[in-house]
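J.: Below are the structure tokens for one structure; questions will follow.
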Amino acid sequence: MTEHQHQASPAAGGEGASQLKRGLSARHIQMIALGGAIGTGLFMGAGRNIAVAGTSILVIYVLVGFFTYMVMRAMGELLLTRHDYRSFADFVGEYLGPQASFYLGWTYWLSWVVTCIADVVVCGSYMQYWFPELSAWMPALSMLAILFLLNLLSVKMFGEAEFWFALIKVITIIALIGTGGWMIATGWTSPDGVTASLSHLTDPTAFMPHGITGFFAGFQIAIFSFTGIELLGTMTAETRDPQRILPKAINALPLRIIIFYLLSMVVIIAVASWPGVSAETSPFVTLFAKAGLPAAAAVINFVALTSAMSSANSGVFSSTRMLYGLSVEKHAHWQFRILSRSTRIPVRSLLFSCFWHADRHAVAVSGAERD
């Protein structure tokens, strides 16, 4: 992706007293892009993917990663053609008309309202691993309140939170690849008699073990794992130097997909073999347990918790910014484009979005209690 040189226009994306504050630095954007590419599905859903697709999961991740990169590159090129673009909804409105921008903006906002609630509910269930007597709604609602405060303080605080959330995921995957690589190199034999070897990858019975149906079923969680990567398309107006930073973040995606998805899948299958991967257990837990790490389940539960928190945090941010953009384009009430004087945060958009996050959470809890 190339860097663009254009003059900023005096619209909502530029600098000025009435504009969003450019508080996201290069390290924030790099880690947000990386964290968006590594979803909770990799940690908790990869076992089911391997179970149904076998070693063809590698082909699935290559295909999904390729199309993800192409979409992100196209989006980045369009966003950088003008400095006043705030999000992908802006160029959709310019090229397809205001109706398309209206539809895209509101459906994207609604999708994050639902997804964010799913994430905070999952956070509650992860907390029950350590506190089984705790009602799931309590940590979930507390998590939403914390994320609201993070997004209220400044865009830099959001970036810092996402930076550390992503770093935890990166460290975990590097630890998995390093541990698995050592087990493969030494010919590690697990207590159940499976010897770590790359030959498990070439086993013909492990490629599409459930036929073409299993192969296509593997796409579901694989695509879900990349959910959130489009967040870069809502951060243009708050990135310090988008013309330089965004191309670097997007161009680094292919290498990151190879390292964090393909290598982790290769290591898991080589160590555990396809029959040894359980659909009901995280393969990360399986591999660390085979390596003799007794706290494997607790560690991966913590990583999955931070991953869900990262997704929910992204949901609060993106729904707020999308609602702000809709208001600027007069597709939503004018009050949603009012910014705080000190932090340049669209506070009323944030309050409205978090209100609906909390409301949907209350509906989900009441429905669960009736059941």
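Backbone N, Cα and C atoms are what each Cβ position is placed from, and that goes for glycine too.
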J.: If you look at how TrEMBL annotates this chain, which of 83-107, 208-232 comes out as transmembrane segment?
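T.: When 83-107, 208-232 are checked in TrEMBL, transmembrane segment belongs to 208-232.
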J.: Could you tell me what the rest of the chain brings near the transmembrane segment (166-188), counting residues at least six beyond its ends with Cβ under 8 Å?
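T.: Apart from its flanks, the transmembrane segment (166-188) reaches 31-32, 34-35, 38, 42-43, 195-198, 259-260, 263-264, 267-268, 270-271, 284, 287-288, 290-291, 299-300, 303, 306-307, 310.
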